[in-house]
Amino acid sequence: MSHGARVIRTGVSSGGPAAPPPVTVASSSAGSDVELMDGGYFRSCAGMLKVAQMISLLIAFISVNNSSWTDYSAYSFFQIVTMCDLVMILFFYIMHIFRVYRNLTCVSWPLAEFLHYLIGTLLLLIGSIVAAAKSYNITGLVAGATFGFLATILCVISMWSSYKVSCITESTSKCHA
């Protein structure tokens, strides 16, 4: 007879994955849509902040695009930066809504989003400063630069809040281990 240590497996443990949720059959097609999309992200602070960023970037792009330019390199850089930021924020927004990050675990999504915000915010700040300096009091260009600065501030807030949440989550998980 062996008197070795026994391992008792439970449904929830600190070292392993949680037990799978019970399988239920949805009685309507609305139940399957709830599982596909994260409806709470629409109303969350992070979701509304991403929408505000996308709107301000779109207004900045349209304002500069519909104005008469005097310096093509400065404003073409500004347009490229605003559109690239807009597309990347939309990508991360869709990723959060449809919970793609749960299926693609090979990518560190918080790190990818943080690096996007870090690089995109820096480029947007540079583009907004150059756009403001070269605006020559043309109202569309001034409005574009202003909304570029607003988007920069929103991106900094988003980056700070995601970093703060990551650090707090990381530090509390180390304390309880």
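Glycine residues also receive a Cβ, built from the backbone N, Cα and C atoms like all the rest.
As recorded in TrEMBL, the features of this protein are as follows:
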| type | residues | note |
| --- | --- | --- |
| REGION | 1-23 | region 'Disordered' |
| TRANSMEM | 41-62 | transmembrane segment |
| DOMAIN | 41-167 | domain 'MARVEL' |
| TRANSMEM | 74-94 | transmembrane segment |
| TRANSMEM | 114-133 | transmembrane segment |
| TRANSMEM | 140-163 | transmembrane segment |
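Beyond the ends of the transmembrane segment (74-94), by six or more residues, the same chain brings 47, 50-51, 53-54, 57-58, 60-61, 64-65, 100, 113, 116, 120, 123-124, 126-128, 130-131, 134, 141, 144-145, 148, 151, 155 to within a C-beta distance below 8 angstroms of the stretch. Outside the transmembrane segment (114-133) by six or more residues, the chain places 64, 74-75, 77-78, 81-82, 84-85, 88, 92, 141-142, 144-146, 148-149, 151-152, 155-156, 158-159, 162-163, 166 with a CB less than 8 A from a CB of the stretch. Looking only at the domain 'MARVEL' (41-167), the predicted model's pLDDT averages out at 92. Secondary structure of the domain 'MARVEL' (41-167) per DSSP, as helix, strand and coil residue counts: 108 helix, 0 strand, 19 coil.
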